[in-house]
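J.: Here's a structure for you.
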Amino acid sequence: MSNWQAVPGLQIAIDGPSGSGKGTVAKMLAGEVGLPVLDTGLLYRLIGGLALERDIALDDSEALAALVDEMLEQVAWTVNGIAFGGENWTDRLRSEAVGAAASTVAAQQQVRDKLLGLQRKIAESGCIMDGRDVGTVVLPQAQAKFFLNASVRERARRRWAQLKDQGGSSLEAVIEELKMRDQRDRERQHAPLRQAEDGIAIDSTTMRVDDVVDRMLGVLARRGLITAV
Ligand SMILES: Nc1ncnc2c1ncn2[C@@H]1O[C@H](COP(=O)(O)OP(=O)(O)OP(=O)(O)O)[C@@H](O)[C@H]1O
Ligand SMILES: Nc1ccn([C@H]2C[C@H](O)[C@@H](COP(=O)(O)O)O2)c(=O)n1
């Protein structure tokens, strides 16, 4: 049961770099306001993951375009994650290798253009969507846009803590991987990661997840986009 009621069709964009907490915060906020949450990174991860599995070069734009077309025919993207060909792929897309592949294929304009329609369609009746370009490109008309950030060391520490039980890399290696991913996502030509002009920046380096969600709820309530129930 949600504690807040959202205005009909409310769209909330949450963008930010890897490990800033977008996904975690988006899910908690969704529970508070009763909206579906959609993690756009999963779309890029699915393409990256499929490309790795099929040995498709990550800069082969023709093969990637065909892969996206195939993916769009067989994808089911829901609050439980992403399914392809009737199988739930979400868990196997979580590795850093798939994240890096996703970031590489995401630099291709053709790939991004092909995914735009699906993202907008899913958001039509209201949602919380997290990614890199949601507030700037996918939903520029969203009523609330947040740009979540944290220091690179803190983001790497969070990611490392998540992966270490699976025998992952050292903290220093995670920091380097994250820096490379940040650079690729921020410096690419098409839809780079950046804060929307009307976006609200939140630095979560020293904040608890609950405090980040409370800050967002405060903004939404002050704007009349949610009311307490
Ligand atoms: N404010 C916070 N304080 C401490 N830990 C946090 C905070 N926000 C998120 N975390 C933790 O950091 C990890 C990464 O968070 P999350 O997956 O939500 O980030 P993300 O921005 O969605 O990353 P990605 O873009 O790579 O999917 C999770 O283990 C999460 O519990
Ligand atoms: N809206 C989006 C979402 C994701 N990407 C790319 C860039 C990321 O490095 C990669 C993986 O995303 P994550 O699951 O870590 O959020 O996908 C993008 O370009 N645009």
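For all residues, glycine too, the Cβ spot is worked out from N, Cα and C.
Annotations per TrEMBL:
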type	residues	note
BINDING	Gly16, Pro17, Ser18, Gly19, Ser20, Gly21, Lys22, Gly23, Thr24	ATP binding site
DOMAIN	12-218	domain 'Cytidylate kinase'
J.: Between Gly16, Ser18, Thr24, which of the binding-site residues has the fewest other CB atoms within 10 angstroms in the structure shown?
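T.: Ranked by other Cβ atoms within 10 Å, the binding-site residues Gly16, Ser18, Thr24 bottom out at Thr24.
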J.: Among Gly16, Ser18, Ser20, Lys22, Thr24, the binding-site residues in the record, which have a C-beta under 6 A from ligand 2?
T.: Ser18
J.: By a simple count, how many Cβ atoms lie within 10 Å of the Cβ of Lys22 (ATP binding site), its own Cβ left out?
T.: 29
J.: Do any residues at least six apart in sequence from Ser20 (ATP binding site), in the same chain, have a Cβ closer than 8 Å to its Cβ, and if so which, in order?
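T.: Residues satisfying the criterion: Leu148, Asn149, Ala150, Arg155, Ser204.
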J.: So what's the mean pLDDT when you look at the domain 'Cytidylate kinase' (12-218)?
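T.: It averages 95.
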